[in-house]
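Visitor: So TrEMBL says this about it:
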- HIS50, ASP144, HIS148: Mn(2+) binding site (BINDING)
- 75-177: domain 'Manganese/iron superoxide dismutase C-terminal' (DOMAIN)
Amino acid sequence: MLSRAALSTSRTLVPALGCLGSRQKHSLPDLPYDYGALEPHINAQIMQLHHSKHHAAYVNNLNTIEEKYLEALEKGELLEAIKRDFGSFDKFKEKLTTVSVGVQGSGWGWLGFNKEQGRLQIAACFNQDPLQGTTGLIPLLGIDVWEHAYYLQYKNVRPDYLKAIWNVINWENVTERYMACKK
């Protein structure tokens, strides 16, 4: 079972999914102060041990987890279907973002599965219109583009919200939905 930190990390790997193979590794950040800066309350030896050993181990473990996760995604059926149906992950991301930006008023951008064709498709639904009921597509991933989803943080700049949303998509859940609807 993955720890909460590992699950959180796996859910934020979307940028890495979009640029498989070109991801930069995380590195141990420098402290903005000297190891001895907290003396006499915390000595330099403790600070050096925690920073250069413990913190460094967390960074190294994060890189290892991300590498394994990316390897699994590269071999995954969902990613292969995205490449097959859209050409690449980047093209898929661009198309879904464009469709979502283009929703006039309120609604949703969707990645759906067309069971008859056995293919992934992108669609938009307005207001509360359900994806399956209006298009026949089985919903895999929905992006809420109602203003209430982003206005407090992104104001009326929907494209900024859509750029950020890719960092929080739960690909594990999308994959589970995809695998379930293929049966």
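Glycine is no exception: its Cβ is also placed from the backbone N, Cα and C atoms.
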Visitor: Take every residue in the domain 'Manganese/iron superoxide dismutase C-terminal' (75-177), average their pLDDT values, and give the whole-number result.
Guide: 94
Visitor: For a quick check of understanding: among the binding-site residues HIS50, HIS148, which residue's Cβ has the most other Cβ atoms within 10 Å?
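Guide: Top count of Cβ atoms within 10 Å goes to HIS50.
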Visitor: Would you mind checking how many other C-beta atoms are within 10 angstroms of the C-beta on ASP144 (Mn(2+) binding site)?
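Guide: That number is 15.
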